[in-house]
Amino acid sequence: MIAVINYGAGNLPNVVRALQRVGAKLTITDDPHVIRSAHAVVLPGVGATADTMASLQQLGIADVLPEVIAAGTPFLGICVGMQVLLSASEEFGPHPCLDIVRGTVRRLPDSAGKIPQIGWNQLRIMPNFSDHPLFVGIPNGADVYFVHSYYCDVIEETIVAARTEYGIAFPSVIIRDRLAAVQFHPEKSGDYGLRLLANFVAWSNASPARG
């Protein structure tokens, strides 16, 4: 069973519908015990990292996520669900995040043009990730849908699975062991978004049982 975390994120219903469309067996929950025992975890998100962190902390989920990821539970973070994984964010003033992935959430550069980036843009899949199970059926250069003003400036270059150009070549997908996170919205990204979600479901089902 995939636990889709409900902390009040506005895109939760769309993420749930998209996962159900690709056949995922899921539960919508804000219960740390359910999240801890889930076969896989999805953290959706829109809005600001500070608000998201406050909600996760209030629900007792902020302490659980590092545990389940360290235990090898397949995890997918979406948009702000990706950003809160980092060490800190500069959005509305510096503040700490979950510190699961080393790095800082920074504002897209003014040279990008209109901020936030809203609309379709391409995934440039890194060569060493081109055969990863999450990218099955997703070509290099696939168009996906973004809505964001901030990006993840990660320290570990080796976990960057795809980049997207918008004033800067920012990480649009990161993968480390059984952790994956995407800056774009797969639930709004048409066939390629659904394919990525289906790939995540298959990837999580293929994961070895946790000991």
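Note: Cβ is positioned from N, Cα and C throughout, glycine not excepted.
Under DSSP, CYS79 (active site, nucleophile) is assigned to coil, being neither helix nor strand in the three-state scheme. The Cβ of CYS79 (active site, nucleophile) lies under 8 Å from the Cβ of ASN11, PRO44, GLY45, VAL46, VAL147, HIS148, VAL182, GLN183, PHE184, HIS185, each on the same chain and at least six residues away in sequence. What Swiss-Prot records for CYS79 is active site, nucleophile.
The annotation active site is assigned in Swiss-Prot to HIS185 (among others).
The active site annotation in Swiss-Prot covers GLU187 (among others). Other C-beta atoms found within 10 angstroms of the C-beta of GLU187 (active site) number 23, with every protein chain shown included.
For 1-210, the entry in Swiss-Prot reads domain 'Glutamine amidotransferase type-1'.
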Model confidence over the domain 'Glutamine amidotransferase type-1' (1-210), averaged pLDDT: 96
